[in-house]
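K.L.:
One structure follows; several queries about it will come next.
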Amino acid sequence: MRDERLKTLLKGGAIWGFILLELVFFEVAGRIWSLSGNAFVDLDNMLLLLKQAAPIGIIAVGMTVVMINGNIDLSVGATYALAGIVMLDSMSWPFMEALGAGAIPLAWGFALLTGALLGLINGLIVWKTGVDAFIVTLGAMLGFRGLVFMYNGEQPTYHLDWTMVDIAEAEILGLQTPALVFLAVVLGVWLLMTRTVHGRNAYAIGDNRDAAVNAGLRVGPHILINFVLIGVLAALSAVAFYSGSGSVNPNDGMLFELWAITAVVLGGTKLTGGRGSIIGTLGGVLAIQLLRMGLGHIGAQTETVNLVIGTILIAVLFLDRQLNRKGAEELKI
Amino acid sequence: MADTALKSTAMKSVGGLLARQGILVAFVVFMVGFALWNPRFIDIDNVFGVIRSSAILGVMALGVTFVVIGGNLDLSVGSMLSFSAIVVLDLHENPAFGPALAIPAMYAMTLALGALNGFLIGYLRLNSLIVTLGMLSAIHGLTLTYSGGQNMDIANQSETWFGVFGRGSALGIPVPVLIFAGLAALLGMILAKTPFGRKVYAVGGNGTAATFSGIPRARVVFATYLISAFCVATAGLIQASRTMGAQNTVGQGLELEVLAAVILGGASLLGGSGTIFKTVIGVLILGFIQNGLLLAGLEFYVQFVVTWIIIILAVWLDIATKRGKLWSPIA
């Protein structure tokens with residue numbers, strides 16, 4: 001029993017141990033190699049870290065829920081871009097311009113609505129057709145990207161509104177808006193997954209869908225809600241990012257799905273469903289962003305980041321398997 | 001009475017044909033429809049043009065078909081393509097290599113990456129989605145480190161025969177088309193007619209049963225990744241030769257488009273089903289849809305939306321015929 005507990009702690013804490021290791025390594029290595037001679041572990045750096053981690057981080061939180069549910073969503077990058085475009089474009093609609101600053105919350109609302117709608121489409125297809133979520137969202141990744149291009153051709157969509165930029169760059173306790181949104185999302189979804197019936201059902205359905213059906217859970221609507229949730233979160237990520245930048249390129253958000261999945265898996269969530277945690281994902285997101293920042297700090301080529309993250313992902317998978325020899329078989333998609 | 005029975009048998013056989021060859025039937029209907037609407041669509045130059053521009057995607061899809069039938073995924077093919085194109089162009093410019101040595105060297109390096117995939121997934125039995133996701137990232141980093149982030153170009157394009165793979169033609173047929181067709185025939189034979197091909201189906205269909213019947217599962221999976229890497233190297237060669245230069249991100253995003261073509265062809269992600277012929281049809285459908293939409297005066301990105309709808313309809317109809325119900329039984 002105690003052994004089990006120790007093991008859980010070890011596995012849950014592994015990502016935080018890794019983050020600590022990164023901090024120590026980059027601090028020490030930075031002193032030896034860094035040209036600037038600045039400390040790596042200082043407050044400003046860490047606050048910046050949270051802000052930079054926010055776009056992928058918000059999406060990764062949603063991905064965790066969907067993956068605990070035993071599904072996956074590959075279309076989030078395109079959802080992110082489309083929500084951003086709708087938000088910025090809506091600001092220049094005639095009736096919106098007449099509203100002045102009052103248009104801003106409405107524009108955010110349109111973006112979130114876009115995300116919810118795209119999530120709803122995915123969720124309905126998964127529920128009603130029974131096609132695997134991997135295939136449904138793979139198709140949607142292409143389809144939503146097509147919608148992004150159809151909206152404004154290959155042109156970027158601009159709209160710079162200084163009030164909106166001010167809101168995006170506002171600070172509370174040194175944290176800028178995107179970082180605050182990220183932390184709020186982590187807290188909110190963590191509560192959802194640990195304190196509500198919906199969260200408990202998510203684990204149950206991911207663990208054994210047939211058993212959940214037999215226990216009388218309405219699996220279809222549950223899955224639908226989670227796809228809407230990740231759609232809204234992808235849109236929220238776009239709101240947090242594009243409010244400040246004011247320009248969306250039609251190729252934005254490409255590969256976001258893969259980065260988000262990487263963070264989620266590093267955080268200990270299983271592809272098989274039924275297991276994982278929001279806090280672990282927070283760790284995974286921070287670990288990746290620390291790595292990016294740290295390699296830049298010690299003057300390594302930024303190109304090596306991808307190499308290192310890929311290697312770590314495979315190493316984590318291997319170690320995890322060694323630790324869980326007797327555990328459930330890995331899922332086959 | 002007899003008439004109704006006959007009719008229902010006929011209906012059944014039509015239904016059966018649709019279930020087995022639905023994608024082929026859809027393809028033929030689509031081609032005929034478009035050709036009636038615009039005869040230029042089936043003009044021989046247009047047809048070769050479409051196949052030539054589908055060849056890179058197509059060659060990659062051939063290899064991924066083996067991996068998918070074996071019950072795994074390969075998401076690393078896109079960044080592997082960038083890698084092979086960059087490497088072959090760089091070595092081509094290197095006086096110590098030149099084109100004649102650059103090509104085999106590039107094949108060796110790409111195959112080594114495939115072997116690493118195969119080792120991790122076949123022998124260590126790690127989850128293929130995550131391993132190849134990690135490899136996608138790692139190989140991208142490797143390519144950037146190798147090239148220093150620079151694009152690669154062949155400086156003196158008129159003095160090399162390197163362009164033959166992407167730009168040449170023989171007997172009036174473009175070389176990429178010949179490569180695609182030749183490789184499809186060869187791999188199709190291997191998959192359908194050899195003991196190795198049957199082992200790939202067995203491993204993907206039921207890995208445990210395959211192991212108990214004495215099939216070396218690890219070795220078979222390993223081989224499917226080698227085949228995939230070989231196809232990627234060939235596609236990279238065509239890509240590099242056609243453009244005589246490449247960016248570090250030339251293959252970015254291709255992994256999912258390739259997978260879409262394979263799925264469209266009817267291979268199941270669960271493994272154990274699919275054929276090379278069907279994958280070729282899947283590739284051609286994507287290519288001709290794109291072409292048809294362009295001829296209809298629509299922008300290239302409309303095809304993304306059409307592809308989305310077609311993929312979901314194709315897979316949905318496939319599983320609906322298997323379970324005998326249109327709608328999912330999920331409550």
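Count begins at 1; order follows the chain as displayed.
Cβ coordinates are placed from backbone N, Cα and C, and glycine is handled just like the others.
Nobody curates TrEMBL annotations by hand; they come from automatic prediction.
Features from TrEMBL:
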TRANSMEM  A:12-33  transmembrane segment
TRANSMEM  A:53-70  transmembrane segment
TRANSMEM  A:77-96  transmembrane segment
TRANSMEM  A:102-121  transmembrane segment
TRANSMEM  A:133-152  transmembrane segment
TRANSMEM  A:172-193  transmembrane segment
TRANSMEM  A:223-242  transmembrane segment
TRANSMEM  A:304-323  transmembrane segment
K.L.:
Taking the transmembrane segment (A:77-96) as the reference, which of A:12-33, A:102-121, A:133-152, A:172-193, A:223-242 gives the largest number of Cβ pairs under 8 angstroms?
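P.N.:
So the stretch in question is A:102-121.
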K.L.:
With the transmembrane segment (A:223-242) as the reference, which stretch in A:12-33, A:102-121, A:133-152, A:172-193, A:304-323 has the largest tally of C-beta pairs below 8 Å?
P.N.:
A:102-121
K.L.:
Count the CB pairs under 8 A between the transmembrane segment (A:102-121) and each of A:12-33, A:133-152, A:172-193, then give me the winner.
P.N.:
A:133-152
